[in-house]
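Asker: Quick one: the structure is below, and I'll ask about it shortly.
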């Protein structure tokens with residue numbers, strides 16, 4: 001190959017520049033989180049002078065009510081991820097390995113959900129749920145996000161079922177396993193990688209969702225973390241250290257999962273564009 | 001997409017078709033498929049499709065959210081073109097698309113071009129780092145960038161430090177620079193997605209094509225347009241679709257960094273929608289924004305899909 005030294009240097013240089021660009025804002029938050037509380041009054045970066053101030057996290061946790069917010073986010077995320085995964089897997093199984101009239105049309109109906117932004121249904125949904133007394137409850141967040149996750153889950157899992165080996169299904173069938181058993185005892189255990197991707201991506205989307213939370217929740221007790229942060233920012237904008245500590249608390253769960261399961265994350269998020 | 005699975009066959013003969021359904025299905029009467037779909041369909045239809053239909057209905061009404069609504073005809077839609085606030089919001093969204101979509105794609109291509117010439121070590125690391133902004137909550141990104149763009153934030157400190165203090169300004173508070181500043185945040189988010197897509201794509205382009213191009217005496221630029229760009233056709237369309245959709249429905253960043261300000265310098269459709277529906281009681285108008293946004297997203301998806309149709313088919317299922 002005729003790869004010159006300049007090519008090599010240039011490539012690494014460009015990569016390094018953009019890596020730094022992508023890290024700096026996040027490292028800024030991380031460093032501010034350990035800074036002295038009350039510093040960075042103008043909203044700038046607070047540097048951790050004279051030692052790391054771990055107390056910011058404790059303060060955000062208690063004074064900032066982030067223990068409540070994190071609890072709410074956890075309940076919402078776990079419910080959405082589990083319910084959506086089970087329902088999407090079942091539907092995708094039918095779309096993937098069964099033939100019945102209207103299956104294509106129904107499948108595209110689900111895929112349509114991938115291009116429907118929250119903006120397209122959030123207003124009537126708010127009035128509907130308010131009439132049912134479900135706003136200002138975690139249901140107001142769980143229901144719409146389950147539906148949104150279903151759109152992705154059905155699309156994603158159908159691809160898996162379509163590509164799963166027909167001979168495996170055939171063999172299980174000959175052994176007398178019925179379709180329900182084939183799904184849960186054969187295909188689901190085999191499809192761990194595909195399912196992992198679905199789980200982590202829907203978890204992240206649910207954890208990070210802001211607009212739905214802002215619309216559906218108005219009382220402090222039901223706020224999820226992104227919403228909590230927005231209100232916290234309004235109340236403590238002068239205290240960047242505390243605000244940054246809250247940011248770290250929010251980002252950490254997703255970033256940890258991301259670091260461990262990077263491949264699944266990227267695969268799932270890049271599949272979002274539906275190719276017709 | 002699904003056409004490949006039913007190969008050939010005489011479509012007019014229903015009996016044989018039904019027979020094949022039965023043979024291909026894993027030992028179940030095929031009607032059981034509906035039962036598997038039913039729970040998902042109910043949730044999806046009740047919580048998402050039905051309210052979407054209601055949105056369309058709302059967009060034809062004058063409604064303040066409390067009293068009786070009255071029929072509005074198309075006035076909420078004509079308002080999208082006549083109301084300067086709404087026109088501004090959609091115009092800002094279009095400007096932001098350059099930052100959210102075009103710039104990240106260009107950066108991604110630049111990198112892919114450089115990458116096509118060598119094998120990079122530490123790919124996993126670079127990919128993880130570049131993709132990170134996609135993973136962090138937009139609200140957190142907004143707070144992070146506020147700290148950088150603040151009057152005594154990192155950007156201004158650096159500018160002062162290198163003797164360019166005259167360039168320092170309140171980035172998010174300036175009528176001229178607030179929108180590009182918000183856009184920069186979007187570019188920062190979208191950049192990693194494009195790069196990762198293109199890096200994966202560039203690695204798949206056969207090295208022989210580059211060899212051939214070089215034997216033909218093509219320089220780096222010719223090579224880029226002749227080999228890299230066509231090879232990444234599909235990836236570019238995916239990147240454009242994903243970043244444009246996220247750019248069009250962008251709300252979190254604006255809400256956290258500028259709240260649409262200063263004045264209305266950084267309002268976007270989603271922000272106008274939220275304001276009108278839940279702050280200023282113009283629910284019908286907000287509904288029209290939501291429907292227009294959805295149509296726009298749909299058109300963008302369709303159009304980009306059209307553009308790449310024909311070439312690069314079958315590369316991805």
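Cβ from N, Cα, C; glycine included.
Caution: TrEMBL annotation is automatic and unverified by curators.
Sharing the feature lines straight out of TrEMBL:
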{"type": "DOMAIN", "residues": "A:70-261", "note": "domain 'ABC transmembrane type-1'"}
{"type": "TRANSMEM", "residues": "A:12-34", "note": "transmembrane segment"}
{"type": "TRANSMEM", "residues": "A:74-95", "note": "transmembrane segment"}
{"type": "TRANSMEM", "residues": "A:107-127", "note": "transmembrane segment"}
{"type": "TRANSMEM", "residues": "A:139-161", "note": "transmembrane segment"}
{"type": "TRANSMEM", "residues": "A:182-207", "note": "transmembrane segment"}
{"type": "TRANSMEM", "residues": "A:241-261", "note": "transmembrane segment"}
Asker: Between the stretches A:12-34, A:107-127, A:182-207, which wins on the count of C-beta pairs under 8 angstroms to the transmembrane segment (A:74-95)?
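Answerer: Selected stretch: A:182-207, with the most Cβ pairs under 8 Å.
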Asker: The transmembrane segment (A:241-261) vs the transmembrane segment (A:139-161): three or more C-beta pairs under 8 Å (separation of 6 or more)?
Answerer: no
Asker: Restricting to the same chain and to residues at least six past its boundaries, which positions have a Cβ under 8 Å from a Cβ of the transmembrane segment (A:107-127)?
Answerer: 91, 95, 135, 144, 147-148, 150-152, 154-155, 158, 209, 211-212, 215-216, 272, 274
